[in-house]
Every structure is written in C-alpha cells, then in structure tokens.
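**Student:** Next up is a structure, given as structure tokens.
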C-alpha cells in the first residue's frame, strides 16, 4: 500500500516555517479543502455539460457548441451565466418557503457527499470511518427536497413529477445501498480509503469489479435511476410532465436543479470508480512499476508522481462512466413508470439481497479472496 502524501501536514509545516503559529496554520487549512471541493465540483459540471452537448451532437450528426470559446468549451459557462441573470419568478399561489427550500435541500446533500471522495491516500477532505454510511444518509435527504419542490409549485405537472421523483429515489436507494454493503463487507470498513486500499496490490486483478460482477451492475443501474438519467428520467419526462418538478422554476433556483443533476452524476461515477475500479490505483501494481524502474516505492519524488497520476486515474475512470451514461441517452428508450418500479422492487432489490448473502458466504469460504 502506497502511504501517499499528507497534504494537510505538509501545508501546516510550510505555513509554520513562515513564522505563523500552529493554531493559525490549522485555521487557514480548515476552509481550504471545502473551497477546493466546491470549485472542483463546479468545474467538473462544466466539463460534463460540455461533453454531453458534444456527444449528443455527434450522435445526431451535428457539430454542437463551437463558437463560444475553442470547440465551444465556454458554452456551459454561458448557460450558467444566463440562468443566474434570469428573473427568479415565484408562482402566485405557490408555497414560497417550500418553493425556495426545495432546490437547496436537493443540492446541498450532493455537495456534502463529496467530503468522503478520495483521489489518493491522503487526497480527500476528510477520511471519516463511516464514509459510506454518511453518503447513504445524505442521499436519503434528496427525495424530501424533490417532493417539497413538486408540492410547493401548486402545479399538477410539478406535483406528479415530485411524486415520481420521490418514489423513484426511494425504490432504487435500497438496491444501491445493498450493493455497496457487499463491498463494505469484503473491505471490513465503511471508509472509502480502506475500500480502495483493499483493492491494491494486484493491479487490475484486485479490483472489486471481478469479485462483485452482479453488484457493480446493480449499482450502475440504481445510480442512473438516482440521477434521473435516461432511461430513468420519468420525473421530468418532457412528453408527459413538461419538466416535472422543475416546471415552475426559473433563474437561480432552476440553475440549482441543473447543477445538482450533473454534480450527482459525477459523484455516482466517482463512487463507482472508488468502489469497483480501484479508485486511484493503477491497472499495474505500483510495487511492480517501482521495481521495473529500479526506484524504491517510498522515494518522495516517485510518491509525488504516483499521487498526481492517481488523481488522473480516478478522473479517467469516472469520465469513462459518464461517457457511457451520456451515450445511453441516445441509445435506449425511456421506460414506463410501472416498469421502473417493478425493476426496482421486484428485480434489483431481491437480486441485491441475494448478492449480499452470497458475498457473506464467499467471505467465510474464501477469506483471502473476499476479505475475511
């Protein structure tokens, strides 16, 4: 296991070397990870929106965004600026308090979930021992905001969209949690860092995708449903509900929903990479690479290179999954609401439960391979 680089310790030592007391150095560090997280999540949304528009254009034999910056890279920024500057309209008969709180309750838990995401051994905001439990708890808050937004709009399409969104989120949260618990069982920990470390040592052969072939499929399907991506975009089906729970929203409040959907997609892809694709781990073990080049793995400059490339590996795996999600938008049709709920309750839930029981049995029978 690569011990990695302690960014917090390095930052505090560097600041102390400038004559600043230790307490002040720690106080300077505290807001820094949060600001980096907010900035990184926002930039990732801009990248994903640009990718979606370009890939969608390619699927339809169009060019897509082209003139707003090189290759249209500034088009998402222009979209965001337009939404921020638009008038914030509240329907006359809407419940103004719930109408305002709804988007915030949807977006804030998604951003807080980034707290547990590791990009390296010490490259995360906080390594809480109950990281997976915290993520599941935060994700369970989102349906409340969706239902509040649909109800508060005083619009039949918004209400139906909110009810659909809440039902869909609750239906797929259980299979999602059970598939993740199988990984937690093998790792003997709820920490995302420990889950990645459990996959280290054997390169690509040690990744959980091989030990959880059913679990990773369940996780991906449930994650797409939680993100309301096609074929599971029932809450905002344009042909049926105009825009679902977002129908009456405009300006900054609509921008929060727009931002939250893409932040959630990026979060799901990053979690998939951490849980099943080894996170920052290379397809070839780091010990093998250091042996081939004849440099000890503990060498500081080599650790710095590994940490930098490790961030790239995590993002590469995540963006590959995002590419698949965008591609699915143009290759599969939308399911009906009854098919959606049947898939969640009658198929994914029992299969994920059986997968968890089988994982427990394999853990007892083959403790070395399944983390006994």
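Just so it is clear, glycine is given a Cβ too, placed from its N, Cα and C backbone atoms.
For reference, Swiss-Prot lists these features for the protein:
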| type | residues | note |
| --- | --- | --- |
| TRANSMEM | 31-51 | transmembrane segment |
| TRANSMEM | 65-85 | transmembrane segment |
| TRANSMEM | 97-117 | transmembrane segment |
| TRANSMEM | 128-148 | transmembrane segment |
| TRANSMEM | 176-196 | transmembrane segment |
| TRANSMEM | 254-276 | transmembrane segment |
| TRANSMEM | 304-324 | transmembrane segment |
| TRANSMEM | 347-367 | transmembrane segment |
**Student:** Taking 31-51, 65-85, 97-117, 254-276, 304-324 as candidates, which has the most Cβ pairs under 8 Å with the transmembrane segment (176-196)?
**Tutor:** 254-276
**Student:** Are there residues at least 6 beyond the ends of the transmembrane segment (254-276) whose Cβ is under 8 Å from a Cβ of it, and what are they?
**Tutor:** 41-42, 44-45, 48-49, 80, 83-84, 103-104, 106-107, 110-111, 113-114, 117-118, 135, 149, 180, 183, 192, 195-196, 207-209, 212, 215-216, 219-220, 223-224, 226-229, 246, 314, 317-319, 321-322, 325
